[in-house]
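J.: Mind looking over this structure? Questions follow.
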2 protein chains.
Amino acid sequence: MPGTVNIPGEILAALEEALKAAGLRLTHQRLEIYRELVAACDHPSAETLHQRLRKRIPTLSLDTVYRTLATLAEQGLINRVETLESQARFEATSRRHHHLICRKCGKIADFQWPDIDSAALPQEISEWGRIDLKNVVIHGICRNCLEGEEK
Amino acid sequence: MPGTVNIPGEILAALEEALKAAGLRLTHQRLEIYRELVAACDHPSAETLHQRLRKRIPTLSLDTVYRTLATLAEQGLINRVETLESQARFEATSRRHHHLICRKCGKIADFQWPDIDSAALPQEISEWGRIDLKNVVIHGICRNCLEGEEK
DNA sequence: CTTGATGCAAATAGTTTGCAGGCTC
DNA sequence: GAGCCTGCAAACTATTTGCATCAAG
């Protein structure tokens, strides 16, 4: 099917179900934005996503991308990724993972770290409140940028 | 000394030294902004910091706060904190710690987790590039906000 | 059909920048 | 005194919002 990103059917089903449960409509735009984000592995910004989608859907507006990302995030279907940049970046929700961020080129990579996922938190934290999510963010310089430095 | 935040002398010495080493001037504004941030324990935004400082220094402009924060961050004296908010937040650089973020009120708390600081990273990461910093961010709801929910 | 979703354009929020005068070294 | 720093105002970037129209259910 040219002009459309191919992703597993059960993921689309999850979108449909989540939207329906929330009383929201499954529109062409929402479907394609979600598809694109599921297929992307580089944690794109709204702007980047918009540029990619425009090739397929020339009439898609940037503000719809923003609105849709907000909606999908509310439903827990996607996540906003914390970075030090001014642009927000997004990823489709998937299995537990953490982030490697290159402080030179800004690329974000995922990695698994089961030891941490199962590690017990320090005692003091239980007093703070309810914990929902534990995320590790590693900053450094990726191999590609290191080569460019050539000090 | 009323009208000024009191912080340890050696910390101010570090500021002076770092600025001098970088060929930068120690101005009244830089000194007070740094002082305020060292004394703050709530990871304030530029805006918040500006409001606090204005009580003591009515002529201080917001853009100087922004410029100074950028300068101090370049020198490694302070850090930008990663959040999901649109406003950037800052903290004075201190001993290794991690963050607890309340997704309801946005408050950020620090905590220590030595086990993680010394834990070995998964193998795969060494291939990615050079690691500089390993940060844990925990999202949840703080005790205070939990009480407010009263479900 | 009915109402929520979209596209357009204009408004905001947060942050950055150019310039002229002021203050540190 | 020389040049970096500051304050002011204006520019910018990322994101949000109002409104008329469109399309999903």
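Heads up, the Cβ atoms here are built off N, Cα and C, so glycines get one too.
Got these off TrEMBL a minute ago, pasting:
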BINDING   A:Cys102, A:Cys105, A:Cys142, A:Cys145  Zn(2+) binding site
J.: Output the one of A:Cys105, A:Cys142, A:Cys145 that, of all these binding-site residues, has the highest number of other Cβ atoms within 10 Å of its Cβ.
T.: A:Cys142
J.: Helix, strand or coil by DSSP: which one applies to A:Cys105 (Zn(2+) binding site)?
T.: coil
J.: What is the number of other Cβ atoms found within 10 Å of the Cβ of A:Cys102 (Zn(2+) binding site)?
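T.: Within a 10 Å radius of the Cβ of A:Cys102 (Zn(2+) binding site) lie 21 other Cβ atoms.
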